[in-house]
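Asks: According to TrEMBL, the record shows the following:
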type	residues	note
COMPBIAS	707-724	compositional bias 'Polar residues'
DOMAIN	42-130	domain 'Ig-like'
DOMAIN	144-231	domain 'Ig-like'
DOMAIN	245-333	domain 'Ig-like'
DOMAIN	338-425	domain 'Ig-like'
DOMAIN	431-518	domain 'Ig-like'
DOMAIN	522-607	domain 'Ig-like'
DOMAIN	629-723	domain 'Fibronectin type-III'
DOMAIN	729-822	domain 'Fibronectin type-III'
DOMAIN	827-931	domain 'Fibronectin type-III'
DOMAIN	932-1031	domain 'Fibronectin type-III'
REGION	615-636	region 'Disordered'
REGION	706-735	region 'Disordered'
REGION	1076-1172	region 'Disordered'
SIGNAL	1-25	signal peptide
TRANSMEM	1043-1064	transmembrane segment
Amino acid sequence: MLGQKGHAALILMSLFLLLWQQVMSIEVPQDPKIQQDLKQPPTIIKQSVKDYIVDPRDNIVIECEAKGNPVPTFEWRRNGKFFNIGKDPRVMMRKRSGTLEISFRSGGRPEDYEGEYQCIASNDFGKALSNRILLRVSKAPLWPKEVLEPVMVTEGSSLVLPCNPPPGLPPPSTFWMDSSMTPIPQDKRVSMGLNGDLYFSNILVRDAQTDYSCNARFLFTHTIQQKNPFTLKVHTSRKTVESTPSFLSPSGSESSKMVLRDEQLLLECIAAGLPTPTIKWFKKGGELAEWKVRFENHNKTLKILSVSEEDAGEYVCMANNHLGSIRHSIFVQVKAAPYWLDKPTNLVLAPDENGRLVCRANGNPKPNIQWLVNGQPIETAPLNPNRQVLGDTIIFRSVQIGSSAVYQCNASNQHGYLLANAFISVLDMSPRMLGPNNQLIKVTENNRTFLDCPFFGSPLPVLRWFKNGQGSGLDGGQYRVYINGTLEIKRARKEDEGIYTCVATSIMGTAKNQVRLEVKEPTRIIQAPMDQSAVRGSAVRFECVVNSSLPTSVTWTKDDRPLYLGWRLKKDETSLTIPNINEGDEGTYTCNVKSEIDQDSASAHLTVLEEASHNHSVSSALPAGRPDPPTDLDLSDPTARSVRLTWIPGNEHRSPVTEFHVQFEEDRWEPGKWQNLSIYPGDLNSVILQLAPFVRYQFRVIARNSVGPSEPSQPSPRYTTSGASPDAIPRDLRGWGSKKDNMNITWEPLRDLERNGPNLHYSVWWRRKDSEEDWNTVTTFQSKHVVHPTETYVPYEIKIQARNEFGHGPESNVVIGYSGEDKPTDTPTNLQVSKVTNTTAAIQWTPVHMSSVQGEFKEYKLYYWRESSQVPSLAVSKEKTTRGFYTTVAQPSGLLTDLVPYSNYKMFIVVANNHFESLPSNTVEFSTKQGVPGALQFFRINRRSLEIIYLEWDKPQEPNGVLIGYLLKYQTVNGSRLGPLQVETFLPNVTQFTLRLPNPTSRYNFMLAALTKLGTGVVYSEELPHFSNEAYINQVDIATQGWFIGLMCAIALIILILLIVCFIKRSRGGKYPVRDKKDLPLDSVDQKDQDGSFDYHSDEDNKPLQGSQTSLDANAKESDDSLVDYGEGGNGQFNEDGSFIGQYTVKKDKDETEGNESSEATSPVNAIYSLA
């Protein structure tokens, strides 16, 4: 009876393990938006090695770093007890890390801190442990003092000089040298063993010396210590006696060696004897693989770098010389510290999901597995009913929020241990879209297209695609949806353009994103450049005409390198012109056309010819041309599905034919349309064509060389293939319902060339799935059959076969189709609301039985609307909003988000299939809590004077609660510098405020927000002054400045003085002698404007003098009686306000100056003029 129970338990456990193997942990994407909100237990990401040896001259740093959310805190254990870091002034923990730093600047011994350390990283969701770090201080002890007596040895005998280095940490490396620091030569006869001793297989007279010294190198301290030297004295004899081999190391006929897996195996055999013995190695029952085994130290050492279990066994070393041989057996045992077979990994689950942690390790002896949770043995940890430990596996069932923890697996045996942390994190997160919104994808026709829709949620949402907001989801046919959300369109066509929406749905809600697809014609070169041969000095033009529905860029290359156009080459949109060609222009020119989504290219070769001479044939200077079409097409060797086609190639025109294109035309399905059949190399003119049955063919051939294709040949005689049963299976077989009591079976009919014979029809079979009833069958010539009547939404097995007069083709695989859907019969009940905040509400309901959905279960659809606001007299929109929840659990729930605070809501829920919704559930009312206010309806600032502004605003359109007032903040702004913040508060019934600015010329920034008891709402910010007021402020500011008033007064005084001077000058000008134009009248008085001011730019300045045809500038050169004659060089200067500030100076002829010198000196007018 007990045996039967044990057998049943074993079967049950096997079923459990089979079930949990199918559970997949949720893979959390590395998207920053997800990681920021992701709450996870700590994970150790950096730690010191297990066996940690430190240099005593340095500070000690024990590393421990971890990640998690919230950020972990750290603590340490030393020798299994809590290590109080705060009590030791030498120990410090780095910020935002668990790394310890132990400093000895103020004294202390590093040896006092030796021991075993373990780091613990903790946050709200668990504790992670580091390895147990054994800290030891490096040691380099001195060589013990000893007096070494001279070593006396007879020539030909063996000798061992012991080294015995001091036991350092880590152990030192040894080597032998003499007093001049020259290494002792080592060879087949003399060598150092693995233990550091120096072995002589036989002694020679030249070995006698006084300074054989063993040296020990300590890596950490970078020091070398030298042992007192040996003095070796050799006794010689007349005749050296030869000896048979004997082992110096190891001793005896056999020994044993234990080595750990993955470590290095070193076996050594050193033999004495004269002549020096030769060492050879063998392995009993196996071979020494050359790729794995190395022989060192003149074959005395066998080395295997990384040992595995198959390296265990008996190794034999044999030493021999001509006198004999000797053997030694070394029995190697391979043990193993624990190593991972299946290391536990982090497990992220959604609520109510199942999972498992597996910890499998191997070793020799087999390791013991121990589980811990948050650093505590699982046997003593708090009981978790959702957790079951089965040896090296922990099974979790229906995990819940709060079950997150870090589990440790410790695998250990006598040779070592392994410690692994793996957390289980229970995550509930509403669906989120990770890709860019409203992305535009452009593709070319007839290409595979992928529309990406990365998403995430916990539980993992179900993703469906819709086109243009219609349909029941895209999957099947030319569409395929991958598990990562990507939609594949197998062959994009023009009709596939549109807006594709991906919708991710889970119990936590729905998220969606849109991708707009544009299908473009491919970019093609419709007129490609052609090979040309041209005489040096002539011009060449390569055509490159492009057809594209997208903007393109055209670039040219020469011999696959970018072509530098320079000043000589000319490129336009459709061609490249090379004038005055020379030998350097010869090469292959490629036109590269590129759009944003595709590209095309075409090449042509330019051959530069010397000028034709009498010695060259005429044909050598002619360019290559397209080949002539093939002729004399002949058909032979007919079979049911093939025929041989033979032709005679045409003239190649100086360019060899590279390929032949065979085309066909048939007169039954598409008469007159030539289609490509095959392409063959240019050296063939007879080929066997593979054909389809029941087709009347005729063929033609097109030759192609480097210049281009030939004209098509004349058609061959017609050839008719015999009929056969179909070879193809109708594609895209589907079963779907258009009404609740039918199922449409549809498929893609065979192509014309797949018919293989007349009277093509289809046999269709269907039956209820899992019913084991006989197949129903029908024969039809159409590509659709309607099964009627059927039960609502019943699965059917469907298959199809094509037939014609010659027989039937292969049957298709069985596909599953469904009859039509109907309105769900049951309604979700007991809709409830809990945990209502200002913007969210948790909901629960009683689900319906899936059989009542009467169709494919799509979602539970929640209808909710804002019935009213709790703020009196606030009008709201009662438009219904929907939220979908895809869940099939026994106690479904969801989270409603983005609600308006302080509002009264109503809602009901229905269950939906692809076409219908059920009757609504009970209507539930609930009210959201207060939140912070929304933005003000407006905020205006009016400036009534330089120092006073008027602020006016209106209450928020969404108060989101009871307003308790308004908060106004303002400060001066000068570039990036901000002044002190001023604060004003107002009662809720105040919507205007008059403010006197303390500094009217400064810029101000005003920030106003409404207040509820929960805090400040959306801030409405305005800056003063506005740009329209800037000029006004600047004008007032300048006009009131003292420096500006003084400047204006000075300018007015200068203008007054100049007016007086000009008036005097004008009056005096008539008394000056004039040589050439004495009879010309001059105006005695300047013209004035109507307001009485002088006009220095009157019409008189712009017209010539009486009797003159030249301008005033020209007269200045002819007349001495002009203002130019009286000015300094004729260059008048004006101030910024337009006033004339140049000084008039008297300019006279030499004669007049001499004749009127006395009068000039005594003239009162001149005196006044000189002062001016």
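Positions of Cβ are set from backbone N, Cα and C atoms, glycine also.
Curation plays no part in TrEMBL annotations; they are all automatic predictions.
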Asks: Can you give the mean pLDDT for the domain 'Ig-like' (522-607), rounded to a whole number?
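Replies: Over the domain 'Ig-like' (522-607), the predicted model scores a mean pLDDT of 90.
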Asks: Please work out the helix, strand and coil residue numbers for the domain 'Fibronectin type-III' (629-723) from the DSSP assignment.
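Replies: Tallying H, G and I as helix, E and B as strand, the rest coil: 0 helix, 45 strand, 50 coil.
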Asks: Do at least three C-beta pairs under 8 angstroms join the domain 'Ig-like' (245-333) to the domain 'Ig-like' (431-518), pairs 6 or more apart in sequence?
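Replies: Stretch pair does not touch.
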Asks: Taking helix as H, G and I and strand as E and B in DSSP, count the residues of the domain 'Ig-like' (431-518) in helix, strand and coil.
Replies: 3 helix, 49 strand, 36 coil
Asks: Sort out the residues at least 6 away from either end of the region 'Disordered' (706-735), same chain, that have Cβ-Cβ distances under 8 Å to it, and list them.
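Replies: Residues packing against the region 'Disordered' (706-735) from afar: 476-477, 528, 530-531, 605, 624-631, 633-635, 638, 640-641, 643, 645, 647, 650, 653, 655-656, 658, 661, 663, 665, 667, 674, 691-700, 743-751, 754-758, 760, 762, 766, 783, 796, 798-812, 815-819.
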Asks: Using a threshold of three or more Cβ pairs below 8 Å, and leaving out pairs closer than 6 in sequence, do the domain 'Ig-like' (431-518) and the domain 'Fibronectin type-III' (827-931) count as in contact?
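Replies: They are in contact.
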Asks: Compare 144-231, 338-425, 431-518, 522-607 by their Cβ pairs under 8 Å to the domain 'Ig-like' (42-130) and return the stretch that comes out on top.
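Replies: Out of the listed stretches, 338-425 contacts the domain 'Ig-like' (42-130) most.
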Asks: What are the DSSP helix/strand/coil residue counts across the domain 'Ig-like' (42-130)?
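Replies: The breakdown for the domain 'Ig-like' (42-130) reads 7 helix, 46 strand, 36 coil.
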Asks: By DSSP, how many residues in the domain 'Fibronectin type-III' (827-931) are helix, how many strand, and how many coil?
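Replies: Within the domain 'Fibronectin type-III' (827-931) the tally stands at 4 helix, 47 strand, 54 coil.
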Asks: What does the DSSP secondary structure composition of the domain 'Fibronectin type-III' (729-822) look like, as residue counts for helix, strand and coil?
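Replies: Breakdown, helix to coil: 3 helix, 45 strand, 46 coil.
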